[in-house]
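Database features (Swiss-Prot):
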type     : residues                                                                                    : note
ACT_SITE : Cys132                                                                                      : active site, nucleophile
BINDING  : Ser23, Lys47, Gly48, Asn101, Asn129, Lys167, Ile193, Gly219, Gly245, Gly246, Gly267, Thr268 : FMN binding site
BINDING  : Lys47, Asn71, Ala72, Ile73, Gly74, Leu75, Asn129, Asn194, Thr195                            : substrate binding site
Amino acid sequence: MAKPDLSVEISGIKLRNPVMTASGTFGYGKEFSDYLDLEKIGAIITKGLSLRPKAGNPTPRIVETPGGMLNAIGLQNVGIDAFIGEKLPFLRTVDTPVIVNLYGNTLEEYGELAEKLDRLPEVAGLEVNISCPNVKQGGIVFGTDPNAAAEVVGLVRRSTSKPLIIKLSPNVTDVVRMADACVNAGADALSLINTLTGMAIDLQKRRPILANITGGLSGPAIKPVALRMVWQVSQAMAVPIIGIGGIMSATDALEFMLAGATAVQVGTANFLDPSAAQTIAAGIEDYLAKNGISDVKELIGALKI
């Protein structure tokens with residue numbers, strides 16, 4: 001039997017395999033280049049970018065929890081100008097699609113970022129983090145209100161012709177409603193889920209462990225929630241989905257594909273094993289070969305109910 005076909009496509013972005021790296025867990029790519037072959041994964045998704053450099057939250061801002069971790073990094077990043085001048089030159093040398101994750105605290109910031117990134121041919125697509133507070137509207141999180149989310153997506157859509165992936169928050173009562181609002185406003189694809197809001201407490205000090213009090217929960221603990229949401233959205237609409245949440249192995253990745261994901265993102269696993277994404281991609285190929293499956297796309301949405 002010939003080698004299985006692992007290639008998939010997300011809104012015109014062709015991936016050699018369905019394994020991407022999750023924003024915020026893989027730096028800007030170069031940081032991990034000594035630990036894995038960047039040309040053996042499907043795509044690199046950068047650390048979230050803002051218009052200006054951001055220092056992030058005070059420490060402590062990471063804490064291990066049963067089955068995962070909480071982080072309150074605060075979207076620390078170098079800013080768009082330093083990314084273009086210092087980070088992008090390396091990414092140009094890698095034959096793997098680069099998707100830039102971006103965020104803003106106002107509609108205008110999202111639009112300006114998208115316009116700047118639209119001019120960069122090296123950027124294959126944009127992933128928009130809408131789990132941010134709108135500082136001009138009382139701090140409401142864009143990604144928890146369908147109307148606010150649609151405003152962001154619509155503005156970014158008008159600001160770029162690049163494939164547009166919207167990263168959905170799980171901190172909502174109806175993820176399908178949020179997904180529908182984003183797709184109707186111009187999203188080409190959806191990635192889900194972002195982290196669940198959680199907290200940890202130091203019993204002896206009677207204080208929160210994180211300086212920020214709350215943080216984003218990721219890792220195996222959130223996988224069942226992520227699987228459920230991916231499945232719900234895939235059943236409700238025909239849109240490419242990228243599954244995220246507790247993917248630590250090829251088995252995890254394949255479960256997300258059965259639930260309806262076209263591709264997956266590996267996040268927390270990168271902290272435990274810097275070569276995790278490549279290992280998972282190889283594991284998917286091994287599964288296909290052992291089970292006589294010629295094309296990974298046969299598994300997308302193949303869950304039997």
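Every residue gets a Cβ built from N, Cα and C, even glycine.
Other Cβ atoms within 10 Å of the Cβ of Cys132 (active site, nucleophile) number 22 in total over all chains. Across the annotated binding residues for FMN (Ser23, Lys47, Gly48, Asn101, Asn129, Lys167, Ile193, Gly219, Gly245, Gly246, Gly267, Thr268), the two most widely spaced Cα atoms sit 20 Å apart.
A Cα-Cα distance of 11 Å separates Asn129 (FMN binding site) from Thr195 (substrate binding site). Sequence-distant contacts of Lys47 (substrate binding site), defined by Cβ-Cβ distance under 8 angstroms and a gap of at least six in the same chain, are Ser23, Gly24, Phe26, Gly27, Tyr28, Asn77, Asn101. Within 8 Å of the centroid defined by the CB atoms of Lys47, Asn71, Ala72, Ile73, Gly74, Leu75, Asn129, Asn194, Thr195, the record's substrate site, lie the Cβ atoms of Gly24, Gly48, Gly216, excluding the listed residues themselves. Listed in sequence order, the residues of the same chain lying 6 or more apart from Gly267 (FMN binding site) and placing their CB within less than 8 Å of its CB are Thr21, Ala22, Gly24, Thr25, Ser218, Ile244, Ile247.
Measuring Cα to Cα from Gly245 (FMN binding site), none of the recorded positions Ala72, Gly74, Cys132 fall within 10 Å.
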